[in-house]
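Everything on this sheet refers to the single structure shown next.
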Amino acid sequence: MSDFQTFIESVQHVPAEFERSINLVKELDTRIFNLIEPIKALEERYRQTRSRKERLKIREELEEFNQKLQSLGFDKSQVAEQTYTLIDNTVNQLVRLANPKNEETDAKPLGLAMPIDPDEPKYCFCRGVSYGDMIACDNKDCPTEWFHIGCVNLRTIPSGKWYCVQCSESVRKVKKSKRRR
């Protein structure tokens, strides 16, 4: 298989991932927008209320809304970062494929590299072999399972559960359906 065919196979998921990310950002935008009217109503109630006790209660409610907005904004920035990394990695792969001479002239081989075993398992969106720090998606049915930290734009392994972009949408849908019951 040629390098180009390998590249094409390794990026087939990119359009679907990009679309999922856009849809997730739209969903987060909708959730943020849906919080605006209740916040405005609380602000109006606060202005009209004279009671200290009632004002304190309204402030607490506003703080809860603020925390929700911050959380949604953080989620939105995480999705944007992951999408940027996905696209950036794909473009970099394509550039390396299009300019193989640059790699040869820029880096002189030391003769120390081990040959790549064609039977070695491939991981991550980049379809690369296991190297460096990696993180596992906590969805037991994740088709990819393991990801390079850099490919998912993480600097450290987060505490708690972590889901890849592909699985995070399905996890959110499951949580949403459980809340409706």
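Yeah, the Cβs are placed from backbone N, Cα and C, and that goes for glycine too.
As recorded in TrEMBL, the features of this protein are as follows:
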- C124, C126, H148, C151: Zn(2+) 1 binding site (BINDING)
- C137, C142, C164, C167: Zn(2+) 2 binding site (BINDING)
- 121-170: domain 'PHD-type' (DOMAIN)
- Y123: site 'Histone H3K4me3 binding' (SITE)
- M134: site 'Histone H3K4me3 binding' (SITE)
- D138: site 'Histone H3K4me3 binding' (SITE)
- W146: site 'Histone H3K4me3 binding' (SITE)
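Of C137, D138, C142, C164, C167, all annotated as recorded positions, the residue with the shortest Cα distance to C151 (Zn(2+) 1 binding site) is C164.
Confidence annotation: the domain 'PHD-type' (121-170) carries a mean pLDDT of 81 in the model. Looking only at other Cβ atoms within 10 Å, the busiest spot among the recorded positions M134, C137, C142 turns out to be C137. Taking the Cβ of C151 (Zn(2+) 1 binding site) as centre and 10 Å as the limit, one finds 20 other Cβ atoms among all the protein chains shown. Excluding the listed site residues C137, C142, C164, C167, the same chain places D138, N139, P143, T144, E145, F147, Y163, Q166, S168 with Cβ atoms within 8 Å of the centre of the Zn(2+) 2 site Cβ atoms. DSSP assigns C167 (Zn(2+) 2 binding site) to a helical segment in the three-state reduction. In the three-state DSSP assignment, the secondary structure recorded for W146 (site 'Histone H3K4me3 binding') is strand. Sitting within 8 Å of the Cβ centre of C124, C126, H148, C151, and not among those site residues for Zn(2+) 1, are the Cβ atoms of N89, Y123, F125, R127, G128, F147, G150, V152. Put simply, of the recorded positions M134, D138, W146, H148, C167, the one whose Cα is nearest the Cα of Y123 (site 'Histone H3K4me3 binding') is W146.
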